[in-house]
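Taken straight from Swiss-Prot:
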BINDING   LYS46, GLY53, ARG54, GLY55, GLU99, CYS102, GLU107  ATP binding site
BINDING   ASN199, ASP213  Mg(2+) binding site
BINDING   ASN264, GLY321, ILE322, MET323  substrate binding site
DOMAIN    9-244  domain 'ATP-grasp'
Amino acid sequence: MNIHEYQAKEILRKYGVPTSTGLVVTQTEKINETIDKLNTEVYVVKAQIHAGGRGKAGGVKVVKSKEEAKKVAHDMFGINLVTHQTGPQGQKVNRLYIESGCDILKEYYFSIVFDRSASCITFIASTEGGVDIEEVAEKTPEKIIKFSVDPATGLQDFHMRGIAYELGFKDNQAKQMKEIVKSVYNAFIETDAAQIEINPLIVNSDGHLLALDAKITFDDNGLLRHPNITAMRDHDEEDPLETRAANAGLSYVKMDGNIGCMVNGAGLAMATMDIIKLYGASPANFLDVGGGADRERVKEALKIILSDKEVQGILVNIFGGIMRCDIIAEGIIAAAKDIGIKVPLVVRLAGTNVEKGEEILSNSGLEIIPAHDLADAANKIVEAIR
């Protein structure tokens, strides 16, 4: 789960991380009175969307008068902001964060992530802040600093000292950086975060370190322990089909292709998407119905897939272990009769009760294309939509 910048800063401040401060606006009629509450010479108006690249797209404006700030805020509120992360459709700006500006002497990058490949927590830092870290990693990888934390021992003093040293901090600033590392680590652990990113972390004209922008992504599996964080969820920033799927207990991610996929198991789902690409087409989604799906969940899964107007065909790939193939077959038939599947549908079943499932499908009277293995299924669905 993602949250907005102003929410991320609120959490970080609770853990002792110094951040820039401001006020959030969620209604256009509140813009003027909100800006009037700020006593500053420089105003920073920031669009609040769950995507990076806001500055380059015009979603962050720095102005030097109250009246100019009001005009910029009114112009920005409600627009469709298109960044390199939103795609061409953009994201509507329903919230603004208006901050007091500050003098910047130097910008840094600092983040903490769970590194799945190394099975540990990793700090990533760079003296090149305020730009895309991916660009820095590609062009000047030597400027990327990494420190891994063994989960068995946790954060140690040498991690904090090492990060401060590698970033070139000395004396009081080194002490500040060590405290920020400790605070960010504590926030990461205690909130079940998957990533905390501060970009940029700045040194201001007073020599103080400050988080000027912040992003936090949370592990969805840990949200049950954090109702206060769950309450920060902004459903307007999420794909409505993904929200609908989550409410139905389905794992769904919309993609840019035209072949809808319904699979049980994340690994099998990824293999299915890969083989669709191998045969010359693109998946429209990742959809894992899980191991305990019943007839109604299968029916809802197909409805969600067909709600995507880009879908020209559907590939169902089920390995019946915990899930029985006959249950899947009944769900497919129920969905087909209820909503009327008007695109090619290829079904590949294997495992528990596969013969019964195939019999149910063949006797349904519906135009369902059977497949014997994954390669056969991918070939048939790609040919069917051509």
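In case you wondered, yes, glycine gets a Cβ from its N, Cα and C as well.
Taking the Cβ of ASP213 (Mg(2+) binding site) as centre and 10 Å as the limit, one finds 24 other Cβ atoms among all the protein chains shown.
GLY55 (ATP binding site) is surrounded by 16 other CB atoms, counting those within 10 A of its CB over all protein chains shown.
For ARG54 (ATP binding site), the Cβ neighbour count at a 10 Å cut-off comes to 21, with all displayed protein chains included.
Among the listed binding-site residues, namely GLU99, GLU107, the Cβ with the most fellow Cβ atoms inside 10 Å is that of GLU99. Taking the binding-site residues CYS102, ILE322, MET323 in turn, the residue surrounded by the fewest other Cβ atoms inside 10 Å of its Cβ turns out to be ILE322.
Along the domain 'ATP-grasp' (9-244), the predicted structure has mean pLDDT 92. The record assigns ASN264, GLY321, ILE322, MET323 to the substrate binding site, and the maximum Cα to Cα distance across that set is 10 Å. Each of the binding-site residues GLY53, GLY321 was assessed for Cβ neighbours inside 10 Å, and the highest tally belongs to GLY53. DSSP classifies GLY53 (ATP binding site) as coil under the three-state reduction. Classification of GLU99 (ATP binding site) by DSSP places it within a strand. Other C-beta atoms found within 10 angstroms of the C-beta of ASN199 (Mg(2+) binding site) number 22, with every protein chain shown included.
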